[in-house]
Amino acid sequence: MATMSGTTIVCLIYLTTMLGNSQGVNLKIESPSPPTLCSVEGTFHCDDGMLQCVLMGSKCDGVSDCENGMDESVETCGCLQSEFQCNHTTCIDKILRCDRNDDCSNGLDERECDIYICPLGTHVKWHNHFCVPRDKQCDFLDDCGDNSDEKICERRECVATEFKCNNSQCVAFGNLCDGLVDCVDGSDEDQVACDSDKYFQCAEGSLIKKEFVCDGWVDCKLTFADELNCKLCDEDDFRCSDTRCIQKSNVCDGYCDCKTCDDEEVCANNTYGCPMDTKYMCRSIYGEPRCIDKDNVCNMINDCRDGNVGTDEYYCSNDSECKNFQAAMGFFYCPEERCLAKHLYCDLHPDCINGEDEQSCLAPPKCSQDEFQCHHGKCIPISKRCDSVHDCVDWSDEMNCENHQCAANMKSCLSGHCIEEHKWCNFHRECPDGSDEKDCDPRPVCEANQFRCKNGQCIDPLQVCVKGDKYDGCADQSHLINCSQHICLEGQFRCRKSFCINQTKVCDGTVDCLQGMWDENNCRYWCPHGQAICQCEGVTMDCTGQKLKEMPVQQMEEDLSKLMIGDNLLNLTSTTFSATYYDKVTYLDLSRNHLTEIPIYSFQNMWKLTHLNLADNNITSLKNGSLLGLSNLKQLHINGNKIETIEEDTFSSMIHLTVLDLSNQRLTHVYKNMFKGLKQITVLNISRNQINSIDNGAFNNLANVRLIDLSGNVIKDIGQKVFMGLPRLVELKTDSYRFCCLAPEGVKCSPKQDEFSSCEDLMSNHVLRVSIWVLGVIALVGNFVVIFWRVRDFRGGKVHSFLITNLAIGDFLMGVYLLIIATADTYYRGVYISHDENWKQSGLCQFAGFVSTFSSELSVLTLSTITLDRLICILFPLRRTRLGLRQAIIVMSCIWVLVFLLAVLPLLGFSYFENFYGRSGVCLALHVTPDRRPGWEYSVGVFILLNLLSFVLIASSYLWMFSVAKKTRSAVRTAESKNDNAMARRMTLIVMTDFCCWVPIIVLGFVSLAGARADDQVYAWIAVFVLPLNSATNPVIYTLSTAPFLGNVRKRANRFRKSFIHSFTGDTKHSYVDDGTTHSYCEKKSPYRQLELKRLRSLNSSPPMYYNTELHSDS
């Protein structure tokens, strides 16, 4: 025992030496110095109560020494150079000076404006000395207060279809009095405008000028009300049944000008086409083209009615130079002396009256038997002949259809044209002569929940005030009037104060809102004008991925404020965004442009910019001046660059910035006041850099920061006061809990504290701290005694003693592990957190983890081997199937190799394991939490599944042995129930110790695999107290409590007692000599002797099957 104690002391001294050589992360944690007395001269008072004072030299040094940050506050240190000081606690950006808004609570920022110089390049001083942004000039708003910024402006004249606001702004007439303000001054919605008798109210909700009523042009698109009951028609007019007068030239032109289409029902069959010899096809841009008489071309009357002039009056000027230039200069000369633009030549549309522009072209293709050839040469499927749809440009496919034979599922019009049978009498005019809607059955009676159209048609109420496809709703569109109070459903778009359309019809290239182009406003279009490089929509210009080397605009499109220039090759210079039209930009995306630097003054005029994206470039540094001018910037994303240095005062002017993303850079050092000026910052992300040191004062004056992300760095040197003066800090993300020890109390910090350690101690629980020493000493001493005791039997060839010796070696190593952890805890007491990372990555911790795994699994597999040996012995007592010593050595050698490999594999450098044993301060790799740390599957396989199988094997084997032994005794000696009870107790003790050790770990492991999390203290108790339990109890169960050991101890105690008595009496003649042949009375009567005699009698009188000694004597 003395030798053992000496060995233990030597080991502890060695461990202490190794621990002393480890270098911890320098957290600059100093011993707390006595507080500076506030009464001493030369100190600064942090608060009015004089509870904390610091040296005067610490004031305004960039490091918050006061817990409340008072030594670095505005009250103490004043404002930055780019700021204006309102009072002793408040600063504002200088750009807010003299802007007619009291940004200071005392109004100080709006005083003495007559001598204040406005920011050059971005603002202009007007007559009353206030500063107005350049883009606010001539914006129809009085920004100065005296309207001086709106007086010297060039305004355009409003056209006839526009309303002139009181401030001279022009808006479309369709927007007048629709409930939405379009004039900046709101004059389009005021009472004066809307109650005026200058306007005519259409049933669909829009207003038109009264001079547009009865002007021959329909402005009330749904009802034609502005053109009804106007006058008696002239001789050159045609009168519709609804009283509208139209030009006779528009009768039978293929377009319904009358609401009831009267003008197209009086036509002869031969007028359903547009033959070139007598007719002229209008080149209509909107809707169905008209076919007019040739005599109406160039007659100075708009007969095509497809614009203010009409395409029939285009190219009518007799240009004397037309013959000379002809096609060479871009013209084609018609015989009727009309000059056509070159692109109209051979375009399959005759523009010359007799079609000369289409005669000298390529020969028309030859059509197949299944095709019909139009007169101008185009081939169309024969099935489209006479189907009431104009497929040929000259409508020749719908001519001469009187004798046309319709298909089986079609119905023939009086004109011979064919329409589908289900379209007959459907309230829609399908036949060119309207015969499909004549002689129809009486109109049906509408049901109570249906809506009746003016034409008698019944429709579903859900179709009311919804403009759908051609056959949705009323054919006469009466369901679309009086819809000003209708509420659109989800997925619908409201046409201002009128009906609704499906959202899919918005920005589809077709105007569906009849009163205005509301559904086609703010749609995506190609820009800049005439270049088609980018796509614009609303205020956004998207030039992403166009390989641009310079900005594509020389003059910014009106109202564009969001520029997306990402994924290009832009060459950024100090003048790239210097033009005045960039000062209204609020969002700028320059990501993925291969930028290597940001020249100073690059954004000096972009004071309205709120979002700047510089991510994923090759920027290596940020210079002082690179971000100058971005005083209103709120979010800066510069992640994914190669930034190594950030110059001082780089962010000093960005006082409104709230989000700064500097992740994925190459920063190595965060110096004092690096983020000076970021007073409104709430999120600071400097994760995934190469930061190894952070100075005190690095986050100075970030009074509003709520989240700081430091994860993904290799920080080795960090100031103790680095997180002081951050009163609103809510969350801190790091890679190690040691940094959380510096954060203010109440901050949510990750990663979480491990289950064992605190900022001060490796073992934070005092009970566990004592337990680990107790269990370690018991396991070490107890198993050493067992090894010493069993070696004599091993030399005698006893297999069982050999196995017990292996078990004791495994448990002895567990004691070594416990004492390593206990010694480390003692050594690091009070300063553990500064050595946390280095300890967990140290070779000693890795060795401790190896020893714990090796010990645990060696014990488990050895117990399983012992159990199987006993089971075979009980089940087959007559066979010589027990392990011999040689076989036992082979088995245990295999087990030693296996557990060695299991324990050493995580130390071989595989990336899968990643500090497998250093996941906690006690160097254990147990997986009993939901965290999926590297190597967790391996941990589950070794500590959960393997141990579960071993426990099931041991428990079931002992139950089987007890059952067999009990039946044997019942058959032979029913009187020996006492021995049965003793055997049952020993078996129960063996199984229950295994149960208490392994089952909690196994259960907790499976619970964690299901995603549940137990209390951290549960894990700590199981890992430190429960896991080593078997190592402390196995020596007692398998050796120290057995009859041979107890008998030997008693015998030696008697020897010692007799020797001690004889030494006092002086009688040495009868001293005890153990020669193996003589036996003293004490020995003969000793309990050990009685047990031996009892065992021999049992063997002589019992059947050979009963072999109980190995179960409860364990000799």
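Here the Cβ of each residue, glycine as well, is placed from N, Cα and C on the backbone.
Per Swiss-Prot, these features apply:
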- 36-79: domain 'LDL-receptor class A 1' (DOMAIN)
- 77-115: domain 'LDL-receptor class A 2' (DOMAIN)
- 116-155: domain 'LDL-receptor class A 3' (DOMAIN)
- 156-196: domain 'LDL-receptor class A 4' (DOMAIN)
- 195-232: domain 'LDL-receptor class A 5' (DOMAIN)
- 231-269: domain 'LDL-receptor class A 6' (DOMAIN)
- 272-318: domain 'LDL-receptor class A 7' (DOMAIN)
- 320-363: domain 'LDL-receptor class A 8' (DOMAIN)
- 365-403: domain 'LDL-receptor class A 9' (DOMAIN)
- 444-485: domain 'LDL-receptor class A 11' (DOMAIN)
- 486-525: domain 'LDL-receptor class A 12' (DOMAIN)
- 518-562: domain 'LRRNT' (DOMAIN)
- 584-605: repeat 'LRR 1' (REPEAT)
- 608-629: repeat 'LRR 2' (REPEAT)
- 704-725: repeat 'LRR 6' (REPEAT)
- 789-801: topological domain 'Cytoplasmic' (TOPO_DOM)
- 879-887: topological domain 'Cytoplasmic' (TOPO_DOM)
- 963-988: topological domain 'Cytoplasmic' (TOPO_DOM)
- 1039-1115: topological domain 'Cytoplasmic' (TOPO_DOM)
Model confidence over the topological domain 'Cytoplasmic' (789-801) (mean pLDDT, whole number): 67
Cβ contacts under 8 Å made by the repeat 'LRR 6' (704-725) with residues that lie 6+ beyond its boundaries: 25-30, 63-69, 72, 663, 678-698, 731-735, 739, 742-744, 747, 750
Three-state composition of the repeat 'LRR 2' (608-629), taking helix and strand from DSSP: 0 helix, 5 strand, 17 coil
The domain 'LDL-receptor class A 6' (231-269): DSSP-derived helix, strand, coil residue counts: 7 helix, 6 strand, 26 coil
